[in-house]
Amino acid sequence: MKAKILIDAYEAFCPLDLSMEGDVKGLQMGSLDKDIRKVMITLDIRESTVAEAIKNEVDLIITKHAPIFKPLKDLVSSPQRDILLDLVKHDISVYVSHTNIDIVPGGLNDWFCDLLEIKEATYLSETKEGFGIGRIGTVKEQALEELASKVKRVFDLDTVRLIRYDKENPLISKIAICGGSGGEFYQDAVQKGADVYITGDIYYHTAQEMLTEGLFAVDPGHHIEVLFTEKLKEKLQGWKEENGWDVSIISSKASTNPFSHL
């Protein structure tokens with residue numbers, strides 16, 4: 001089947017025009033007018049995922065994080081450029097779905113809400129009329145540490161960072177969440193009355209500002225977005241069965257998380 005058939009179905013669910021302004025999105029390498037037999041879904045494109053794609057004879061990669069985010073001045077061989085050159089050598093097309101999958105109803109942030117049992121969720125920060133990034137909703141009243149422990153368990157993490165002073169452990173029930181690096185949206189969480197904000201990559205001074213505003217936070221890191229790979233595989237597999245597509249769909253098993261904790 002042609003790659004375009006699969007991507008057209010995906011974009012009907014998750015349109016590119018939902019993406020935030022300036023985002024890198026859509027086809028980034030190769031062609032959609034090619035026959036594909038195997039598709040791989042990954043969070044990132046790094047040397048490990050490219051090697052995995054080559055080994056599995058993948059024709060199309062769907063990734064959340066674009067391998068090319070800033071304009072390139074050359075494609076001269078180097079450790080970073082070789083990731084791209086290997087994709088070109090093996091004729092592997094690359095399609096990027098970044099903030100549109102964060103924003104779309106039934107997408108990544110809603111998958112997070114399902115896992116954490118966040119109910120009555122609406123968008124956190126409006127990006128265009130009727131749509132927004134992040135989610136805010138409610139959970140049964142519980143202690144902050146209980147929620148943090150659930151986040152660790154659900155996402156199979158060794159640790160999370162708790163943003164609080166003096167080991168405070170208040171009861172909380174209104175939760176904001178944004179996958180990836182969502183510190184810039186913390187004021188939306190404050191304005192909408194969240195008790196706690198779950199997001200990754202929170203800066204030191206941003207954490208202090210949150211606490212001054214009365215907002216606690218749980219930082220599970222950026223890599224919880226790896227949920228994208230399995231959930232999108234499930235969705236594509238369903239479309240494959242409905243439409244009789246002759247294509248194999250796999251999710252990457254290579255870890256691209258650069259962090260570990262001693």
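Positions of Cβ are set from backbone N, Cα and C atoms, glycine also.
Source: prediction; values computed, not measured.
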Of His65, His90, residue recorded by Swiss-Prot at the divalent metal cation 2 site of His222, Glu225: His65
Any further residue of that chain within 8 Å (Cβ to the Cβ centroid of His65, His222, Glu225) of the recorded divalent metal cation 2 site: Leu43, Asp44, Lys64, Gly179, Gly180, Ser181, Gly200, His223, Val226
When distances run from the Cα of Asp102 (divalent metal cation 1 binding site) to each of the binding-site residues His65, His222, Glu225, the nearest one: Glu225
Local Cβ density at His222 (divalent metal cation 2 binding site) - other Cβ atoms counted within 10 Å: 20
